[in-house]
Each structure stands twice: as structure tokens, then as C-alpha cells.
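Engineer: First, the structure itself, so that you have it in front of you.
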Amino acid sequence: MKQFNHAADTIKLDAGIRKILSATNSEISVHFPVKMDDGTIEVFNGYRVQHNNALGPYKGGLRFHPAVDIDTARALAIWMTWKSALAGLPYGGGKGGVSIDPQAYSKSELERITRRFTYALGENIGPDVDIPAPDVNTNPQIMAWIADTFASTKSPSTRMLNLHVVTGKPIGSGGLKGRDRATGFGVVASIKSWAKLKGVDLLNKTFIVQGFGNVGYWASHFMTELGAKLIAVQDASGTIYNESGIDSEQLHDYVSINNGDVYGYEGAKQLENNSFFKVECDIVIPAALSNQITSENADEIKASLIAEGANGPIDTEGEKILLAKGVDIIPDILCNAGGVTGSYYEWLQNKRSENYNIDTVLEMIEEKLSVAFSKTVESARKYKTDWRTGAYCVALERIQQTYQERGVFP
Ligand SMILES: NC(=O)C1=CN([C@@H]2O[C@H](COP(=O)(O)OP(=O)(O)OC[C@H]3O[C@@H](n4cnc5c(N)ncnc54)[C@H](OP(=O)(O)O)[C@@H]3O)[C@@H](O)[C@H]2O)C=CC1
Ligand SMILES: O=C(O)CCC(=O)C(=O)O
């Protein structure tokens, strides 16, 4: 809300629209029972927050993590509204999840948890209402279970018209070729735009990545393709470092047989967790959770660029320190918008019964992000402000325009 208020002041946002955007439209909290493998019943807490739908159906991921609660879902839903608006997509913002550690459950328990959660959400989601997608600890398999459960509540004649209730599905179930890499690809597309703007050659530039899941791995993959060198990675299991470079593909193979963890990878040495952000490098890519860079560690960062793959990785105090040091920050709502943009093309291909090829998808994502990057930089120049505020201003102006054209009530 601090970020929103600052941008709202900057563009002198209409007072009524400011009130509307300061509140969420709805906050759904469900408690649903699931039978465990041993026959006992557990009751889970799930959330879906729908912030605003002035531009189109609510859109945003579902997270399965012990830290998910209504506040997390609210912050993430609000960011989705700005992100979709900035990328020029016909969506509003929503986000949600279930408060669980998925590692504590078997695959069949996770399937039942996902299906009961979907059932509990009922008509609050739908292809033209609110369209979930993958986020932390959720994946194409989970999306397929959601699509199947949601569609099975419809009459047989309309079942197939409901599968795009979620994006990020497996390819065989209407998923988009390239949605798996869309967010990491978009992070690197934004870094390329930054490099072009600043006249920086990315060849041999060093980078570090926090989080080596979907976003962290694919960002590393595309950075490596450009000739940049990955030198440190941190995930929940620990921190690894090799100044001569870490092979992102080998690490990915290792992680996939090591319970998702980078810890123990032989091609690098282990570091203390609190040394991660101190690593001497050119670019930092946070791709894990929120509030990782704060007033406690912002001063330790030596890079000239932070590309926010994660949502909200830098808190407002940490950001002030970084901006004062002259560090460039590509804000989350721009930098990680490749994911929701890929989701948009999946939704569109489902609606149109089409099947895009991967080169077309990546081209379309890069084009949208390059436009969003230019608009952000222009807006920051116009309002003499930082890039995050510039990006918010673009998003808020678009939403303000729609309210002013249509009247206050969507
Ligand atoms: N998936 C998408 O399309 C999009 C994701 N995002 C954002 O990107 C971020 C990552 O999402 P995604 O890659 O999908 O999620 P994944 O679940 O695929 O990966 C999450 C990664 O974060 C690591 N992690 C978790 N907790 C910590 C911690 N305390 N310290 C360091 N690392 C940690 C995990 O480590 P471990 O495996 O050891 O638990 C894992 O490597 C999130 O902020 C998400 O909201 C943004 C836009 C789209
Ligand atoms: O793909 C989507 O719809 C949303 C992705 C997401 O949750 C995000 O951008 O944070």
C-alpha cells in the first residue's frame, strides 16, 4: 500500500478511484476437510483474494506454502492488478493458496487437497471470473487437477468450455508451450532491455539467484544462454557458491533428484545463508519469497542491478537504501510479468481452440514486456521518479482511464 499510495500521489489519482483501489473486492477464506492416506480427516485453510476486476477477470497464482494467509494473498492479489495493467492484459488481480507444506503430504493426498480446495472455491473461480495459475509449490499437475475438478461440476455439454479456468496446465490438457519458462524468460527479457538502455554487455557478467524453482532455474538458463555466469544460488535448503561458475543445467538435474534442494551440489561450495547477498556480482535475481532484501542487508549488495523475479522481494526500507546507492531495480510487476503474459496466451489459445508454437509464444511475451519496460522508463522520466513508481503510474493511469470512461461501477 505504501508503493500504491506513493504512485497515487504522483499521478494525483482521482480520490474516488483511490478509495476503490485501496480495498479488495472480495476475500474468500475456506476451510475444507480432506481424508488422509491413513484414513484420518484433516481440515485445511485456503484463500483467494480478488482485488480488482476493472480491466477483466481476476488473474493470479495459487501458492501452497505454510506462510500463506489472508494478508499474503491480499498483497499478492494487489500486485497482480498492477502487473496485468502494466503488461496491457485484459485482467484484474487475484491470488490465493493453501496454508500447507506440500512436502509433508503424499501425491494422492495433494491431489485430494487440491480437488477439495477447488470444490470449496466453487463459482468464485471460472474462465471469465477468476483464473488461477501456478505460483510457489504449485505446478502443471496441480493446475490439471483444478481444471478437471472445476469442469466436472459443469453439465457434460459445457465441461470442455471450462478447462481454461486455470492456466499453467500440462500441454496435453490445453497448456501453453512455453508457459513453463515464461516467467524466467520474461525476467531475462527485462534484463536485456535494461542492458540495452544502459549500454551494458551481458557477456561474462556475473549473477546470483535466490530460489531455484520455476522462475530461478529458467532465469538462470536464459542468462547462461546470453553468456552471463551464475556464481551463487540460495534456496530453502542452503546457499552454494562457485566463482568460476555454476552450470545451471547440471544444477537443475541435481535438484530434480535431490528433493528440490540445491544443498549438497558438488559443483560448488556451501556458504552461510547470510553471506548470499554479500556475494560480489553484477546482477541479483531474487526468485523466491517476499521481503528478502531489507534494511538489514540492502547495504551489503554490490550488484548494479536487481531484477525482481519474485513478488515483493525488497521491502520499502531496503529499496530506499538501494536507490540511494544507485542500484537499478527492475520492479516485480514488470520483471516477472512474463508469467501472467504467457498465461494470457494460454487462455486465449483455449478460448480460440488454437495451439501456439513455442517460438511465437516467446516472441509475443518479449514484445509485450519490451513495451512495458519502455513505458515504465518513460513514466519514471516524466514523473522524475524511480522505476517502481513509474511502473505503478502506468498501471494506475490505465485503470483510472477505464473507470473514467465507464463510470465508477464495473
Ligand atoms: N511461477 C510463476 O509463473 C511466477 C512466479 N512468481 C514469483 O516468483 C517466486 C518464485 O516462484 P516459483 O519459482 O514459481 O516457485 P517454486 O516453488 O518453483 O520455487 C520456489 C523457490 O524458492 C525457494 N525458497 C523457498 N523459501 C526460501 C527461502 N526462505 N530462502 C531461499 N529460497 C527459498 C525454494 O526452495 P526449496 O525448493 O528448497 O523450498 C524454491 O527454490 C515467487 O515469489 C512467485 O510469486 C512471479 C511471477 C510468476
Ligand atoms: O500466470 C498467472 O496468471 C499469474 C502468475 C502469478 O501468480 C504472478 O505473476 O505472480
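Positions of Cβ are set from backbone N, Cα and C atoms, glycine also.
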Engineer: With Lys83, Ser343 listed by TrEMBL as substrate-binding, which of these, Lys59, Lys368, Lys375, is given for the same site?
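Structural biologist: For substrate, TrEMBL names Lys83, Ser343; of Lys59, Lys368, Lys375, the listed one is Lys59.
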Engineer: Under a threshold of 6 Å between Cβ and any atom of ligand 1, which of the recorded positions Lys59, Lys83, Asp135, Thr183, Asn214 are retained?
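Structural biologist: Listed by sequence, the hits are Asp135, Thr183, Asn214.
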Engineer: How far is it from Thr183 (NAD(+) binding site) to Lys95 (active site, proton donor), counting Cα to Cα, in Å?
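Structural biologist: Answer for this pair: 16 Å between alpha carbons.
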Engineer: Quick check: with Lys59, Lys83, Ser343 left out, which same-chain residues have Cβ atoms within 8 Å of the centroid of the substrate site Cβ atoms?
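Structural biologist: For the substrate site, the extra neighbours are Gly60, Met80, Ser84, Ala87, Leu89, Tyr91, Gly93, Ile131, Ala133, Ala337, Gly339, Val340, Thr341, Tyr344.
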Engineer: C-alpha of Lys95 (active site, proton donor) to C-alpha of Ser343 (substrate binding site): distance in Å?
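Structural biologist: About 14 Å separates the two Cα atoms.
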Engineer: Nearest by CA distance to Asn214 (NAD(+) binding site): which of the recorded positions is it, out of Lys59, Lys83, Asp135, Ser343?
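Structural biologist: So, spelling it out, the nearest of the recorded positions is Asp135.
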Engineer: Does Asp135 (site 'Important for catalysis') have same-chain partners at least 6 apart in sequence with Cβ under 8 Å from its own Cβ, and which are they?
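Structural biologist: For Asp135 (site 'Important for catalysis'), the qualifying residues are Gly60, Gly61, Leu62, Arg63, Leu76, Lys95, Gly97.
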Engineer: Is it possible to get the count of other C-beta atoms within 10 angstroms of the C-beta of Asn214 (NAD(+) binding site)?
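Structural biologist: Excluding its own Cβ, Asn214 (NAD(+) binding site) sees 24 Cβ atoms within 10 Å.
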